[in-house]
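Engineer: Got a structure for you, questions after.
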Amino acid sequence: MVGRVKVPCCSVCHTRYNEDERVPLLLQCGHGFCKDCLSKMFSTSSDTTLTCPRCRHVSVVGNSVQGLRKNYAMLALIHAASGGANFDCDYTDDEDDDDEEDGSDEDGARAARGFHASSSINSLCGPVIEVGAHPEMKLVRQIGEESSSGGFGGVEMWDATVAGGGGRCKHRVAVKKMTLTEDMDVEWMQGQLESLRRASMWCRNVCTFHGVVKMDGSLCLLMDRCFGSVQSEMQRNEGRLTLEQILRYGADVARGVAELHAAGVICMNIKPSNLLLDASGNAVVSDYGLAPILKKPTCQKTRPEFDSSKVTLYTDCVTLSPHYTAPEAWGPVKKLFWEDASGVSPESDAWSFGCTLVEMCTGSTPWDGLSREEIFQAVVKARKVPPQYERIVGVGIPRELWKMIGECLQFKPSKRPTFNAMLATFLRHLQEIPRSPSASPDNGIAKICEVNIVQAPRATNIGVFQDNPNNLHRVVLEGDFEGVRNILAKAAAGGGGSSVRSLLEAQNADGQSALHLACRRGSAELVEAILEYGEANVDIVDKDGDPPLVFALAAGSPQCVHVLIKKGANVRSRLREGSGPSVAHVCSYHGQPDCMRELLVAGADPNAVDDEGETVLHRAVAKKYTDCAIVILENGGSRSMTVSNAKCLTPLHMCVATWNVAVIKRWVEVSSPEEISQAINIPSPVGTALCMAASIRKDHEKEGRELVQILLAAGADPTAQDAQHGRTALHTAAMANNVELVRVILDAGVNANIRNVHNTIPLHMALARGANSCVSLLLESGSDCNIQDDEGDNAFHIAADAAKMIRENLDWLIVMLRSPDAAVDVRNHSGKTVRDFLEALPREWISEDLMEALLKRGVHLSPTIYEVGDWVKFKRGITTPLHGWQGAKPKSVGFVQTILEKEDMIIAFCSGEARVLANEVVKLIPLDRGQHVRLRADVKEPRFGWRGQSRDSVGTVLCVDEDGILRVGFPGASRGWKADPAEMERVEEFKVGDWVRIRQNLTSAKHGFGSVVPGSMGIVYCVRPDSSLLVELSYLPNPWHCEPEEVEPVAPFRIGDRVCVKRSVAEPRYAWGGETHHSVGKISEIENDGLLIIEIPNRPIPWQADPSDMEKIDDFKVGDWVRVKASVSSPKYGWEDITRNSIGVMHSLDEDGDVGIAFCFRSKPFSCSVTDVEKVTPFHVGQEIHMTPSITQPRLGWSNETPATIGKVMRIDMDGTLSAQVTGRQTLWRVSPGDAELLSGFEVGDWVRSKPSLGNRPSYDWSNVGRESIAVVHSIQETGYLELACCFRKGRWSTHYTDLEKIPALKVGQFVHFQKGITEPRWGWRAAKPDSRGIITTVHADGEVRVAFFGLPGLWRGDPADLEVEPMFEVGEWVRLREGVSCWKSVGPGSVGVVHGVGYEGDEWDGTTSVSFCGEQERWAGPTSHLEKAKKLVVGQKTRVKLAVKQPRFGWSGHSHGSVGTISAIDADGKLRIYTPAGSKTWMLDPSEVETIEEEELKIGDWVRVKASITTPTYQWGEVNPSSTGVVHRMEDGDLCVSFCFLDRLWLCKAGELERIRPFRIGDRVKIKDGLVTPRWGWGMETHASKGHVVGVDANGKLRIKFLWREGRPWIGDPADIVLDETSG
């Protein structure tokens, strides 16, 4: 007997070491573990280190455990073991292995005989075993591995036998053995299990639960023993099931769960491994109802609160698999559904079953690759479905089944289907499939491949390689052209035509043949290779009845379509057995124009109508595939323009509705006049195409004009009226004040006096709506002011009536009254004339010009009645009043103080009281308290003088004194300024169409609030003659009357803006309708009253919103600096470790509104909604920072620094980490941006002035100093305020540093002159002149300068704000001659030289500069303005000749453009002496002829890949390969941390191992790399023929691509799989 030697095993997994995945590796601490365990531990690490499981020592691993040393001593033992010695492992039991081997044959035999799982020696016991009558239980062998469950120490599955007393019967069962602990309520558990047994004992399609036995401190659950599971069956089929298996197993499970629900049992644990197969191959449900019974004792009571950062959920208590757990079963969100303890219900099983079906259909576990916390965030917080669900589409699953699975995954339990309904669905589809032999263990025929043979091959040797269809499908999917040809050739040579036919007709699990797969890939070469054989059927259909031509069209490959048509594909076929759409409809759905051209040229019907009444052209226009629609029209599809669909819309109507000018223009070009006339005037529900085009709203007015112009030229009826309002195109354009469109219609010959159904002409509508531009154009075009509508109103009536709202109409009355035939005496049907309407207006609204125009037409208004307090002025025709001027002037304004007899009145003017006659004055619109006013433009000097304010200053009327003087308050002034009312005018702040907001702090309104709420937003409807406003609000039926001072301007919303509901709005004015604060939508339409129509993704109908409830979302892009808004109480997915002060960098942007933000203290991006964050000012390299005073513990630690430490930012990582240089510190100080505070950047002695961006409202102190004044920083305060001093003011004042900008200080020796346009210097001219020049001799600490002007004795004292530095260069500076300067000798524009001095005329500088250019003996002298600064070259720089230089000035000297040399010397005139290794002598070059070569080092943000010369990086490859593309994220002491889109952690390497590559940018035209077998995240609907453009680039390089003719979300791709498309654009 040979002795056994103990071989140490891995202490983590208890598995013997080997030389493959279990090879022993050593950590830096000396402890060793197997490679597989270390890889799994490293995969959960957030960085490049790994903590030893035994001693907790941290080892630097790099990018992969491959770099760790092997334990060669252990490997020697493994080699010795393979030599024949017997070894044991401390953690294994040989007897168990032997028992398992012994039992395997018996199990196989029993399965082959078809015995029931719990078979017995005799059948007296029935299907359910009475545990009490079978006291003898023996555990035979353990099945599988030990696992843990709930609060139990371990759960073991055993193969066991139970026998009745006296050995009368014996049964084979499966036993779940669980160790009991002291804190378990065993009695309660046994009672619950007994109730479960009784409830389920008569249910079908369930694994029978026989009862529970307590033995040896364990609880044993007895149940039927089965022969595999759905999961094992999937593994046998390479991870997938056939459609038949999905339907059969689905029906079995649905039946079993439905019966359990009827018995009151909720399964709670449905997943493929718990769906077992009995001896007959039927699926049965196991582990039902056990989860709540076997939960942890610590979870018996409901926790009062939940911390989402700790994934200790209900799933932990009941040990549910998170991959299949319904949202309501996660515990913390139970309040969203029910009030019971766990939140589960029978509908929860529907979710689990849906996830299980997803795995059965795709072969992938739902949420595969995500942690439990990530699954919780996705399922409960984001309400997402498993991403694998999307992969079901296109794999041969019936649409009804796919839809049913989607309904199972509804977030709301009430929306999920019942299991009875699902059973009916499965049975209905099973009836359509011929019954095949069961896939049970009894079926002894081995499954050869995963395809269903349509016709059984005649070849008897089905194991031959070429006869296996799976191989053919594999090489087709890989694009292996030679492999396809070889397989088909061997099949033809070996088995003849029948073998080839069987290969080509075979279908994969998705029901597709090899030809379908080749077309789906878009490879014309593969299609040709298959169709070379006569046995190939070009119109073979898949299980859904689709021919290969449909797949080629979906792939967008015109080459494949051409090959199929050449081989006889039927281009006039229809889908769904002839009752569905034609292949042309399929092509128009996908939109590839070249494919459509191939079909139509081959004979496809361009005017075919599908089963929904839509033509091919309808489909193309609806999808906005313009090129495809044009191809249809060019190939006989013009007749489709006359076909109306179910919504009574023709393709022409749809083109107008989608502003598709190109299609309509091409239709007019290719169609006959008869075809155009038949289609152009067909009415839609809203009117003809012309009416629709004229009504196109804002942001598309240009397209609307083009459409109207095209349609009118093509013969559209201009008198056609829309169905709703009875307006023609001209009426609609005039009412919308679209003057360009009105001009287009009039230029087309349409009569300006065209009438609508109400006999209204366009001029009437323009006057009624205040469309002033259109009124002017219509009057110029001959509109008749005398035409009356059905109410008898002409243009005069309408203008006078609307003047109460539209003040411009009073001016239009003056214009219209000039018409020689103006019908001013005509009465309307109500008996009113123009005079009646004007009499109803306040007399002060009627100007003197209008009164004179009316008098000329014989219209006399009643005498004006004056009252005390009325504002008046003298009529302009008064030259000498009856009582004289009495101190007043012709333009004086006053108010009535007393009314005397005989029309005499006492008027209070600023100059005093005056007696005037009533017919000598006219009424004026008064200025009232609170109104905004300013000085009239024609006033040169105010009556009461200036007092600090400027001509542009806007003030507020405080009061009107009894003597007629106004008191006006200005910002910053301590008291009111006296003003003559004749010199002031009201400020016009708003015009029609402006967006305004009612002031939030408004407590009372002059004209009343009504139903209006402060803070509401609206649009100015019109401006009344008294300057008051009518504002349209979305929630009011009529405009609201207000004063301009009661509202404030607000940034308007525009079509296309992305918006969300404000966080301060608890309940929006228009109901939520299922939306939340996190819902993000795009404005698609804006009503006249400001009502927003918003398109929200995944919402079937638009959502309405009041603009005051909404806010714009910043136009974020990757790289923006952001933080959580102050108004956000909690981000969409919780705070986690983020605080309000945290600042991060935008990492990714999803289309659904979610964003990923990189924070320097997190290893993974923080997920939240785009509505949760706002932009902040980013930090920049070079800025000085210190720690914010409120910070006690920085995120990244103090690093031996203090709150007083000041650092200069030297580098910024992509996660926002600030690396700052601190004086006296060797390494950079790493600071979180949320902890840092930016210093002002100013120093004592800096020269500053007010920022121009402050507009007209600087601080009051600075206003007293003067906007253009210059000050000097005297001291810097901690609060951010700077103490300033200036040369003309005593004392100092404080201003915040954000209001200031730094300017260059004047220095001694600089040449200066006076500022252009200066009227007088601060202290007068004092013999100086505006053109004087001088040199600064002294600069004082307060900025005062002393200048020595040429020709003036002594030093001249000056304010630096009055002076300007002369542009001049210092001696030795390198300069370049500017473009446009005339040539001098060999010197021309672009020549580079060196400054040698300046020119003088006598003792004064003449403004010229002397420059030495190489190659010229004389120096160039000319104006300094002809020169610009050039980059100075230095010795040692590498250079080469510019490609634009054909012949260097001093010759090539044996060199070429490719020669690179080093500057060895530079002459005083700039001539370069270049050394090159190839040259025999020094090479002379002109500095203007060369360019420097600088090898730029890698920096953060660069796109990189590993150099081709690197075989193994210093820190190993890990998951990265030589073609991987990443982005430099961080730099640390020569090491680079690179972010790859497929890695969660940063990849570590040396800087020298990488090379810079061109980054992808938004807008790049791209395609999928040739030769790529499978993109990293799958093909989706794309192929190698797909071309598109980049619409998004994440910070880690992940690309979001919009491919041509594809709808929905962008395609996500790895940049290594994508290349630039050089052929596009």
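Just so you know, glycine gets a Cβ as well, placed from its N, Cα and C.
As listed in Swiss-Prot for this protein:
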ZN_FING   10-56  zinc finger
COMPBIAS  91-106  compositional bias 'Acidic residues'
REGION    91-110  region 'Disordered'
DOMAIN    141-427  domain 'Protein kinase'
BINDING   Ser147, Ser148, Ser149, Gly150, Gly151, Phe152, Gly153, Gly154, Val155, Lys176  ATP binding site
REPEAT    467-496  repeat 'ANK 1'
REPEAT    510-540  repeat 'ANK 2'
REPEAT    544-573  repeat 'ANK 3'
REPEAT    579-608  repeat 'ANK 4'
REPEAT    612-641  repeat 'ANK 5'
REPEAT    647-676  repeat 'ANK 6'
REPEAT    685-720  repeat 'ANK 7'
REPEAT    725-754  repeat 'ANK 8'
REPEAT    758-787  repeat 'ANK 9'
REPEAT    791-826  repeat 'ANK 10'
REPEAT    832-863  repeat 'ANK 11'
Engineer: According to DSSP, folded down to helix, strand and coil, what is Val155 (ATP binding site)?
Structural biologist: strand
Engineer: Which residues of the chain, 6 or more past the ends of the repeat 'ANK 7' (685-720), have a CB below 8 A from one of its CBs?
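Structural biologist: For the repeat 'ANK 7' (685-720), the nonlocal Cβ contacts are 647-649, 652-653, 655-657, 659, 661, 664-665, 668, 673, 676-677, 727-730, 732-733, 736, 738, 740-741, 744-745, 748, 750, 754, 1054-1056, 1085-1086.
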Engineer: Sort out the residues at least 6 away from either end of the repeat 'ANK 6' (647-676), same chain, that have Cβ-Cβ distances under 8 Å to it, and list them.
Structural biologist: 615, 617-618, 621-622, 624, 626, 629-630, 633-634, 638-641, 682, 684-685, 689, 692-693, 696, 700, 703-704, 706-707, 710-711, 713-715
Engineer: Determine which residues of the chain contact the repeat 'ANK 2' (510-540) at the Cβ level, with the cut-off under 8 Å and only residues 6 or more beyond its ends counted.
Structural biologist: 243, 394-396, 452, 469, 472-473, 476-477, 479, 481, 484-485, 488, 492, 497, 500-501, 503-504, 546-549, 551-552, 554-557, 559-560, 562-564, 567-570, 573, 1583-1586
Engineer: Please count the residues of the repeat 'ANK 6' (647-676) that DSSP assigns to helix (H, G, I), strand (E, B) and coil.
Structural biologist: 21 helix, 0 strand, 9 coil
Engineer: How does the repeat 'ANK 5' (612-641) divide up by DSSP, counting helix, then strand, then coil residues?
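Structural biologist: Each residue of the repeat 'ANK 5' (612-641) counted once, the result is 20 helix, 1 strand, 9 coil.
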Engineer: What's the number of neighbouring CB atoms sitting within 10 A of the CB on Val155 (ATP binding site)?
Structural biologist: 18
Engineer: Please work out the helix, strand and coil residue numbers for the repeat 'ANK 1' (467-496) from the DSSP assignment.
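Structural biologist: The counts are 27 helix, 0 strand, 3 coil.
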